[in-house]
Amino acid sequence: MFRHIPKISALKCSIIFQQEVYWQKVFKKDFRSSSVLNKMHEIAKKPFTVCVEGNIGCGKTTLLNYFSQFQEVDVLHEPVKKWTNLNNYNLMDLMYKNPERWSHLFQTYVQLTMIEQHIKPSSKPTKLLERSLLSARYCFVENLFRSGKMTGAEYSVYCQWFEMISSLLDCKVDLIVYLRTDPCILHERIKSRNRSEEQNIPLEYLKNLHELHEEWLLESKFNSFPVLVMDANGSLSEMDYR
């Protein structure tokens, strides 16, 4: 039904549609019920949270930059500056250069900074996050463990922290937008954008992350959230979804 609407407008329409579904779930019960009214009041204080997910170089930042022009959207970019400068330590660079030594430390810090993104208060009706606590766990940490870059002990500690955080903090997600991109295209984009920390990322690493995103978001192995899939192989203006 969105084929005749400009592609990015279609994404906006889909987000609005998911918001409507969300509120319909809240309004299912009798409006006269005090518990429902209390629930409405509580939920009304919280923004509709959308996480933009995808592999390295898929266009997440570009998409978020587009939505930053709308006053009703609170855009939160991935905190890369924190990862590359923690008291003058570039944790991202250390992790890429020696993942066996630094991956657990780096992902622990990523987890901390992503929690800050999730729980950051917002007065706007929609909150748009670049990646999430979930993709850190189910894609990046999972890949490090499966490839032997993170030990079983480190993985177990990380997962236990993740489960406790998920149960205690409000890191809810209402919609995930998945920018699905061919790993070969990603590899070329990464080389052209010339970030020093990313220059030695092998194609195989991107392929592994792609498979984990597919497993998480398309096979719904760990996920119960609505997922909107966008073809991000072209430019932003060429984006389509299915």
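Each residue, glycine too, has its Cβ placed from N, Cα and C.
The domain 'Deoxynucleoside kinase' feature in TrEMBL is assigned to 50-236.
For Gly54, Asn55, Ile56, Gly57, Cys58, Gly59, Lys60, Thr61, Thr62, Arg189, Ile190, Lys191, Ser192, Arg193, the entry in TrEMBL reads ATP binding site. Ile56 (ATP binding site) falls outside any helix or strand according to DSSP and counts as coil.
Positions annotated as active site, proton acceptor by TrEMBL: Glu130. Counting only same-chain residues at least 6 apart in sequence, those with a Cβ under 8 Å from the Cβ of Glu130 (active site, proton acceptor) are Cys51, Val52, Lys60, Thr61, Leu64, Leu76, His77, Glu78. Reduced to three states, the DSSP call for Glu130 (active site, proton acceptor) is strand.
Look at the binding-site residues Thr62, Ser192 and count other Cβ atoms within 10 Å of each Cβ; Ser192 has the fewest. For Gly54 (ATP binding site), the same-chain residues that are 6 or more apart in sequence and have a Cβ closer than 8 Å to its Cβ are Lys60, Tyr178, Leu179, Arg180, Thr181, His213, Ala232.
Whole-number maximum of the Cα to Cα distances across the ATP-binding residues Gly54, Asn55, Ile56, Gly57, Cys58, Gly59, Lys60, Thr61, Thr62, Arg189, Ile190, Lys191, Ser192, Arg193: 18 angstrom. In the predicted model, residues of the domain 'Deoxynucleoside kinase' (50-236) average a pLDDT of 93.
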